[in-house]
Amino acid sequence: MSTYQISQSSLLSLKAEILRKQQELVKAKADNEVKREIIKKKTPLELKNKGVEDRKRFDETEEDKDLLKQSSIALEQKAKIYDELRSGKLNPADHSRFLVRFDKKGDSDPPDLPPVESDDEPDKAEDSTEELYDTDEDLDPSEKWVTYTDCLGRTRKCMAKDLEHIKRNDEKLKKVVEKKQKQDGKDEETGKVVEAAENNEDAVEEEKPLPEMMSDSMRNEILRRQWEKDEERIRNKVDVHYQDVLFGEARSHGVGYYSFSTDENERLRQQEALLKLRQETEEKQAETKRLRELRDQQLAARVKAAKERKRIRLGLPPEEDEPPEPPKPEENEEEKKKREEEEKEREAAEKILEELRKKHVRPWDIGKEGVKVFEEMSQDEWIENKRDERVEEFAPPEMYKRENFRSAIKKKVPTDEAKNKGLKFSTVKRNKQKKNMQKNIFNRNTKIEQTNKEDYQQDIIGKRRGQYFLFFTYIWYYS
């Protein structure tokens, strides 16, 4: 196997070449590198609105400078006029134009240092303040304060312009107080309590006694009269409804409660209006249901079309349509007539039930005034009535009917129809039927007697067995 011998100089030159290539690569990367600028976010204090500088330059125009100059001139003129007013250089005719007395208004700004006052200066200051508030030369006469005495002997103070109004209110209060004093002497329960407050300057009007101020006896008397009035009103009425017997019921009814009028004609009109509203509601509900079904059908058609498109994209065959529901057969004239007859029968049955409901008397209403009194039935009538009401399926067998017993057989009076039938047919058959019926009755009675006899014998045997048992038990116990 041959080997290559590499000299040391060739290795050094190869290493130098590698280092040179590495330096060239680093330099090329540095030249091609793009310098990225670091964007520093500004703080909220450094942020500025867009266009502020432009608006600022726009505001600083010559027109604004002229307006500023004009406003400063106007303010200087106002200050000059104000100084003239304060100095007292105002004509007496101009006093009514202003609401402020500028000639008596002092400087509002306090001095830096308090002035040094002598012993006489405080007195002068007091005199000046008294003169300031006591001088009413410039005041309107209606703005002056006057003193008066009210009907209760109290001294009051008011403005001159309000004196007449206050006196009228005082006279009304005086009349109310006098009337109250007279009523207190007659009747304390029905009197009106009047409490005149010290600062009451308004008129006190007469009021009716409140329910809270009544006594229990008076309140009960008022309720009793109201009840008697309502009872008298409904006593002669044929149809008494729930609204007639409320008597000021305080109970709250439900949301579905409709308060009908106590007048029959008005009540019928309200019921008709309510029935009409009900029919309109049903029609609207049917229309809403129809629209909902139509919308559901349209939505189902859209969903089906979307599914078909999806199956076509996937290369699948379309789905088979479901067979439509068979249409409902139309009613024939006979079926329509039959349905109308059934509705008429149902309405007639409802009318009968309504009449029975009206005739029904509750057990706790029996004996009350105005309630119909029914005749008392005998025992036989009551039994026959109950038998008529009884369903035939629950009736006892024919053999146990009362009519088939020997004690219940009575001679029946032949009717006209039976007499006519007797003229047409022979009496032999009737006699034969009568004999057969008597024979059947005798056989049945014989069977009943035999059954009763067997039961009697069984009872005797049971009693004897019991006696024997007691006898042997007694002997065993005492032996």
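Glycine too: its Cβ is placed from the backbone N, Cα and C atoms.
Unlike curated entries, TrEMBL annotations are predicted automatically.
Database features, via TrEMBL:
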COILED    265-297  coiled coil
COMPBIAS  45-59  compositional bias 'Basic and acidic residues'
COMPBIAS  117-140  compositional bias 'Acidic residues'
COMPBIAS  175-192  compositional bias 'Basic and acidic residues'
COMPBIAS  325-348  compositional bias 'Basic and acidic residues'
DOMAIN    145-174  domain 'CCDC174 alpha/beta GRSR'
REGION    45-67  region 'Disordered'
REGION    100-140  region 'Disordered'
REGION    175-217  region 'Disordered'
REGION    306-348  region 'Disordered'
Just give the helix, strand and coil counts over the compositional bias 'Basic and acidic residues' (325-348), going by DSSP.
-> 16 helix, 0 strand, 8 coil
Same-chain residues near the coiled coil (265-297), Cβ under 8 Å, at least 6 residues beyond its ends | 241, 258
What are the DSSP helix/strand/coil residue counts across the domain 'CCDC174 alpha/beta GRSR' (145-174)?
-> 15 helix, 10 strand, 5 coil
